[in-house]
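Visitor: Next up is a structure, given as structure tokens.
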Amino acid sequence: MNILGIETSCDETSAAVLLDGRIGSNVISSQRCHTSFGGVVPELASREHERTIVSIVNSAVTEANITKNELDCIAATAGPGLIGAVMVGLCFAEGMAFALGIPFVPVNHIEAHMFSAFIPESPEHKSPEGPFISLTVSGGHTLLSLVREDLSYDVIGKTLDDAAGEAFDKTGKMLGLAYPAGPVIDRLAASGNPHFHAFPKALTSSSQTSRSYRGNFDFSFSGLKTSVLTWLQKHPAEFIQTHLHDIAASIQYAIVSVLTEKAVAAARYFRTDAISVAGGVSANSALRTAMQEACRHHGIRLYIPGTVYSTDNAAMIASLAGLMLSKGAVRKNNYDVAPFASFAAGAIKASLK
């Protein structure tokens, strides 16, 4: 089955083709127009998607070495995301599927991230097998989920305020770094001292990694932002610039420590031997290293996508659509799916009942 996937939930316009269970193409266009604003401007994002989506889809189909008439299905993000941005890809995909007379499959963007570590890059790829803990970390979401054998899941922890990616970007802005600041902090931290200053790690405890831990698995990063701001205000600009690498490393260490401790604690608490880490923040080198070391220490299998599949991309949309079709989780000829802005577990599945 040949599946075209389309992703436009935020500031990446992406299209990919899944060819009989393997990725045939994955084209991504990242919007640069938001840099001077220090964040994504929704209206600009929508207009950029409108401007580029036709060429991106054409490129994906061409790179896959097929024609549009050889497509068997089209899938697109229906949410969560910036509602205007989501609508561009969703409406385009629904219209294209209707015109070609083939099924349309709506995909939950966060669920696509959850299973992105299992994107079929080759015939030998590992299919997702539950139960496992999924840590999904991005600019807009930070979630811990327990994925069962049938690949249904429960959200067991979420951020109470800011997402991890947002914490990176906002603390980076305090340091005068360009948007998006997450990758910049990662690069600076590589040559910094993560123990230069101990920033707070909210909702963690020394007992959290034990099987008997009875706390929650929620996250909070607003306190970290406040702490960073307060600390920076106490030091002169020259001092901050001199120790910029160390400060970046200390901020990154605080965020990564929380994510790693929570994920491992959840795996041990629910007695699972596997963790999947996905979302834009999963591209962070310190998080990847920390998760690898922690999982190795506790005998836990770690699944983490290549960095090209960590950020928003259409390959994960096409891949999850293929999985959904194989499980009979969607109905065919569904051309009237409404977009949604906020995450709700199983939102698409519920809308199809």
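Each residue, glycine too, has its Cβ placed from N, Cα and C.
According to Swiss-Prot, the Fe cation binding site annotation covers H109, H113, D312, on the basis of sequence analysis. Residues or ranges marked as substrate binding site in Swiss-Prot: T136, V137, S138, G139, G140, D169, G182, D186, N284.
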Visitor: Determine the minimum-neighbour residue: among T136, S138, listed as binding-site residues, which Cβ has the fewest other Cβ atoms within 10 angstroms?
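Guide: Taking T136, S138 as the binding-site residues, the minimal 10 Å Cβ count falls on S138.
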Visitor: Sorted by position, what residues of the same chain at least six away from N284 (substrate binding site) have a C-beta under 8 A from it?
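Guide: F168, G182, D186, Q252, V256 - these are the non-local Cβ neighbours of N284 (substrate binding site), listed in sequence order.
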Visitor: Whole-number Å only: compute the distance from the Cα of S138 (substrate binding site) to the Cα of D312 (Fe cation binding site).
Guide: 9
Visitor: May I ask you to report the DSSP-based helix, strand or coil state of D312 (Fe cation binding site)?
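Guide: Looking at the DSSP assignment, D312 (Fe cation binding site) belongs to neither helix nor strand, so coil.
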Visitor: Specify the secondary structure state of H109 (Fe cation binding site) as given by DSSP, simplified to three classes.
Guide: helix
Visitor: Would you kindly give the Cα-Cα distance separating H109 (Fe cation binding site) and T136 (substrate binding site), rounded to the nearest Å?
Guide: 11
Visitor: Return only the integer: C-alpha distance in Å from H113 (Fe cation binding site) to G140 (substrate binding site).
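Guide: Between the alpha carbons of H113 (Fe cation binding site) and G140 (substrate binding site) there are 12 Å.
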Visitor: Please classify the secondary structure at T136 (substrate binding site) using three-state DSSP.
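Guide: Where T136 (substrate binding site) sits, the three-state DSSP reduction gives strand.
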Visitor: Could you check what DSSP calls N284 (substrate binding site) once collapsed to helix, strand or coil?
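Guide: Assignment for N284 (substrate binding site) reads coil.
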Visitor: Could you tell me which of these binding-site residues, G140, G182, has the greatest number of Cβ atoms within 10 Å of its own Cβ?
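Guide: Neighbour-count leader: G182.
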Visitor: Counting only residues 6+ away in sequence within the same chain, which have a CB under 8 Å from the CB of H109 (Fe cation binding site)?
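Guide: Same-chain residues close to H109 (Fe cation binding site) (Cβ under 8 Å, separated by 6 or more) are E7, S9, T77, A78, G79, P80, G81, D312, I317.
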Visitor: Given the substrate binding site residues T136, V137, S138, G139, G140, D169, G182, D186, N284 in the record, what is the largest Cα to Cα distance, rounded to whole Å?
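Guide: 18 Å is the greatest Cα spacing among the residues binding substrate.
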Visitor: What number of additional C-beta atoms lies within 10 angstroms of the C-beta atom of H113 (Fe cation binding site)?
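Guide: Result for H113 (Fe cation binding site): 29 other Cβ atoms within 10 Å.
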Visitor: In the same chain, outside H109, H113, D312, whose C-beta lies within 8 angstroms of the Cβ mean position for the Fe cation site?
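Guide: Near the Fe cation site, beyond H109, H113, D312, sit E7, S9, T77, G81, I110, A112, S116, S138, G279, N313, M316, I317.
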